[in-house]
Amino acid sequence: MSGTSTKQNDHVPHLEGQPGETSNIDENLLLERLNPIDDASYQDDRGCMEGTRKHIIDHIIEWATRSSSQETSPESSNVDGMLWVYGMPGIGKSAIAHSVCRLLHESKQLGGSFFCRRDDSARSESKSVLSTLIYRLAAAFGPYREQVVDALRNDPHLASGELFSSTLQSLKTHPLRTLVLVADALDECGEPATHRQLLGGLLKACQHNQWLKVIVISRPEHDIQSFFNANGIIGRDLGEDDHSRTDIRHFAKVRMQMVADEKHVSQDPEPWVGERRLGHIVNRTGGLFIFVETLSQYLMKFKNPKPHLDRLLEGPSEEASVELHKLYLAAIESRVDSEEAESRLISRLVIGVAPHRALCDKSIAALSGLKLDVVSSWVDDLGSLIYRDPTIKEGIRVRHISILEYLTGRFCPLDFRVDVKQADVELSLCSLQTMMKELRFNICGLESSYLANSEIDDLSERIQANVSDILHYSCLHWSSHLCSNTEPANKYVCELLDMFLRGEHLLYWLEILSVMGEVPAAVEALRRIIACSRKFDDGIVTLAKDVLRFVLAFITPISTSAPHIYISALPFTPSESSLWNTACKSFPKLMRVSEGQMTKWPNFADLWKGHTASITDIAYSPDGLNVVSGSYDNTLRIWDVTTGSPVGEPLKGHTDYVTSVAYSPDGRNIISGSCDYTIRIWDTATGTPIGEPLTGHLRAVVSVAYSPDSRSIVSSSDDRTIQIWDAATGAPVGNPLKGHARAVTCVAYSPDSLNIVSGSHDKTLRIWDAKTGAPVGEPLKGHTHIVSSVAYSPDGRNITSGSWDRMIRIWDAATGVIIGEPLQGHTKSIESVAYSPDGRNIVSGSWDNTIRMWDAATGTPFGEPLTGHIEDVTCVSYSPDGRNIVSGSLDKTIRIWDAATGKPIAEPVMEYTKDFTSVAYSPDGLNVVSGSLDKTLRIWDAKTGAPVSEPLKGHTNIVSSVAYSPDGRNIASGSNDRTIRIWNAATGTQVGEPLTGHTDDVESVAYSPDGLKILSKSFDKTVRIWDAVTGALIGKFLEQHTDRVSSVTYSPDSQCILSGSYDGTLQMWDAATRLPIGEPLNAHRQVTNVVYSPDGRNAISTSFGNMIIWDTATGTPVDEPLLEHTDGVKSVAYSPDGRNFVSASYDTIRIWDAATRTLIDGPLKGHTKNIISVAYSPDCRQIVSSSWDYTIRFWDARDMQNNDRAVSSGFLKHPLQNLEDILVDSSAPNAISRAIVNPKSMDSEGWVRCDDGILLWVPEDCRYGVTSQEIMIIPNEARKRCVRLDLSDFKYGSSWTDVYQGM
């Protein structure tokens, strides 16, 4: 019915309300956010031949342009504003659609159009349809455009479905004429589930906007037909058009005359195609216009078409599809030698690439290794079936999708049938070979690393000039071909893939994807390799996992700027990764991470971090590659199972707790229930909500589930009801299911989607007919408390339930009878139960913080309880392959367990949730001891931050103070339990009995420098001295102060004791006689801390806001008070060499020169709550501090003295104004080997910028460490480790290419 010209119609008229001038900013916003498909709109010259299809076109136009109030006849119309036109392949649907669009365009009533096409990756993507239609409608109607622009500005990540509905709903001005949206060939776009979603959104828009109509044209596929039938929409069947035969006859007559004129066919002695022949042709079409179109193209290939036409018309006519297939076969046989291997190879490549992107003759020749003229001749010979599309660089395409279906289907003879599986094998090999051959460093010749890809004006031209078409194709689609089936790959392909993943070509591949803006394709490619683990050996899968972690960890620099793959991503790559091993050889001139570089990628348990509140529910994706979690923080998160990293940003939309999550069976969508009374549907690829929230429940939605057939969603609520929803449209199906007497806590579908089981606060389960909503049988009774979780066995025969009665029960799904005895073992309420995929096991999670696995047949537990969570386990789920179990907890963590052994896949990072009260170094500097509010002491490795032993337990209240004995053998601790305890530092065991005598909390303990005595002070206003060996109290108490003693310490020679009190005085005592020496020293309103200098000549006292240094011989202040602290000074300590002292107040630390009493450094910031204690290491190299923020922090004392020195340009031999904010350690051999970045120079995404542009990028887990002077934090946390940069070989800006020194 039409030719193959591709003249595109992109102009849409301005209608009433449209501004005369369009803002370029608005247009750019629409293009960026909506990403409309340009070549999906109608084309002027692709419509019906003049004089054909007039009746049906007129009817459609009449319906489309008639206002809703005028519609009276129900025949072939839809009062809701949607019309469905359908017909078999080749009947001329698309030609009608083009004609209708042209006429609507001429009458200024075309709101937008989208022509789907299966062999076009952009036009076969369902999510592109609505976004393109929104863009076209915005261009057609100004006020709607303004609404769309405003909505996208307010929420850039708004999903197209929600954007469409919300902007239409908020529209105050309506167009004077009806606007029509046209979607053609919907069956060639997306899947049944996405069809229903799209159609549901369009239908809802029509129902609520009388000025908007939609025409949908497609094949009568079951899912599409079911949608329209269910919504009472009467479609128009083109096969029943009374004028069809007349139209085809006219079309055939004109086309045959065109052949006769072109080929100069003789009309003597009778017309070449007279009435008789014309009738034969029409009979064989079976109503398919594509038959006539293909026939005319076929006959054009012959100098004398007469005998070829006669041969085709021999014998009786058969059904339309058979006749069409015979014509296709004739076209192939007349031009292609079935024995010719070259022709078969070309066929496979052309058809094989079709689902992704059609390639031109030259590209097919390059991929196949054939000569260009061979490929071109093949294309020319099959011109009746294929053509070169000028809109996609002359890509070779079939003229009709039925041709593609024929060539790959069972009706095509084996001699000519395209083996798609073989095609994928060949294309995967060709693609890998192409990448290994053509990929190279800096392929686009980028001169500077200062610019982001988006800032390079001629980047598109550079790509076109340097990236061949086949390299472009190979980089995007190699994994799709490679993983199209699960059969083991051949040895050569595996070797090639191993070489690619292991070598520097992998980085060049990422470079091309970066400049093309296609980095997400890398993630998908690598996930495919991992998902097809049975296809490859373990080594390849391990490599793919390593690369995937690299891409996910550094997706920001990789996506932003290609040079930063090398200068920003590689330096932070773990040193034992395969990529780093490659980089070391080929890229020696990189910035280095001199301290804090990870050796391995973080373990599972080091990750899975993101939720800021308890995790409520969790579910695996059907392919097992991802996990989704819901949380009390009102968000969902998607996680990559391989890496434990979050995929994208949190899914935001709910306004209250997310209570339940579930994947759709095809993995494309996620549903969530919330305490905001709504259910939301999310697109898993984009993380955006689909359509508007599902509303109807009157209280919190506590459970949601997809039906296994993907058609429905079920939800349960605290409002005591269950609701079934149409998964495509979000509309409620029927009335709420009522029967439970209290809140319905959980719901689940049976595997056949026919039934639903529910559990409730009323202690019962109920089974429901999923179609009618009627209850099936009586309630299932047996539990004695709330039923919290239910699940069907995979075979649908049984149901398992968990309850707050601490029991699990198994029920016969058909009879409702309890099977066997309850499964008992949990000591608290059970929150979640799930069957393993093979149905053999059951897993349960409980408020007793454990997970248990049970034999589903016998009901007996196997293995020990899975322990590790420190709070209630709220959710458990098996992976689709049954190998792992995932659990979520109120402790905000997600854990993965080996289902066979019950062991965690990785141990979690230790979390410490109690304040530290005191900290002290061991005399050898190897360990640090801390006291805590949790009543324990802990000993830590001062180098690694790891705990040396189990906590030291014995105190019955807060441990307020700790001290090592001078020989390091023992530790003394004071506690609010009014005792002092002595511990063996090596074994952690208590030495002797507790030292008792104080009548109130013990605040401080200290050893005498000779190690013979222990000094303690208490809230009872006394200071006591104890024999360190026997624990006996020595003599009388030191009682002089009129308020409680705040601090007490020995002089370095053990001869004197100095005490400070909240009465504002200091008092010196004779340690032997325990008598006061001189009068009290009055200096402060309150004394908070006292400390002797190492030589004993001075002492420091601290108070709220100041410090005083005293001459211990005269008892007079050495100088004026030090006033730099603005809050109370909690702790002070001298360095062992006496040169410096450190002070701590609230959340800052300051370092002082002891001789000059001037500030050396500070405030040092890092702690987020009160700092309670500070101390120097014995070698004076480090300072340790403890705080109520649950951390102990270590600081490099060597960095403090010259921290104000900035890196000058001379150090790097380049002008480097941007590094004025980078601090260094001047004592290092190379002045820039330990750089610390000023946090003010780094933006929120981790970019360090300079006047010329972007300098470098720092990953999130290093941003704290590279901007902080802390060298370690306890508890250990990867994100808070010390990171230092070596900029000695840092190449950047115009010299960035010097990073590469390939062979």
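Glycine is no exception: its Cβ is also placed from the backbone N, Cα and C atoms.
It should be emphasised that the depicted structure is a prediction, and the values quoted were computed from it without experimental measurement.
These features come from TrEMBL:
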- 1-23: region 'Disordered' (REGION)
- 62-219: domain 'Nephrocystin 3-like N-terminal' (DOMAIN)
- 608-649: repeat 'WD' (REPEAT)
- 651-692: repeat 'WD' (REPEAT)
- 694-735: repeat 'WD' (REPEAT)
- 737-778: repeat 'WD' (REPEAT)
- 780-821: repeat 'WD' (REPEAT)
- 823-864: repeat 'WD' (REPEAT)
- 866-907: repeat 'WD' (REPEAT)
- 909-950: repeat 'WD' (REPEAT)
- 952-993: repeat 'WD' (REPEAT)
- 995-1036: repeat 'WD' (REPEAT)
- 1038-1070: repeat 'WD' (REPEAT)
- 1164-1205: repeat 'WD' (REPEAT)
Practice task
Would you report the average pLDDT that the model assigns to the repeat 'WD' (651-692)?
Solution key: 90
Fill in the blank from the handout: Under 8 Å Cβ-Cβ from the repeat 'WD' (1164-1205), and at least six residues away from its ends along the same chain, one finds 912-921, 923-925, 928, 930, 940, 942, 945, 1130-1137, 1139-1140, 1142-1151, 1223-1227, 1234, 1236, 1268-1275, 1282
Exercise for the section: Between the repeat 'WD' (608-649) and the stretches 694-735, 823-864, 866-907, work out which stretch tops the count of Cβ pairs under 8 Å. Expected result: 866-907
Exercise for the section: Just give the helix, strand and coil counts over the repeat 'WD' (952-993), going by DSSP. Expected result: 0 helix, 21 strand, 21 coil
Problem - Within the repeat 'WD' (909-950), residues counted as helix, strand or coil by DSSP - result: 0 helix, 19 strand, 23 coil
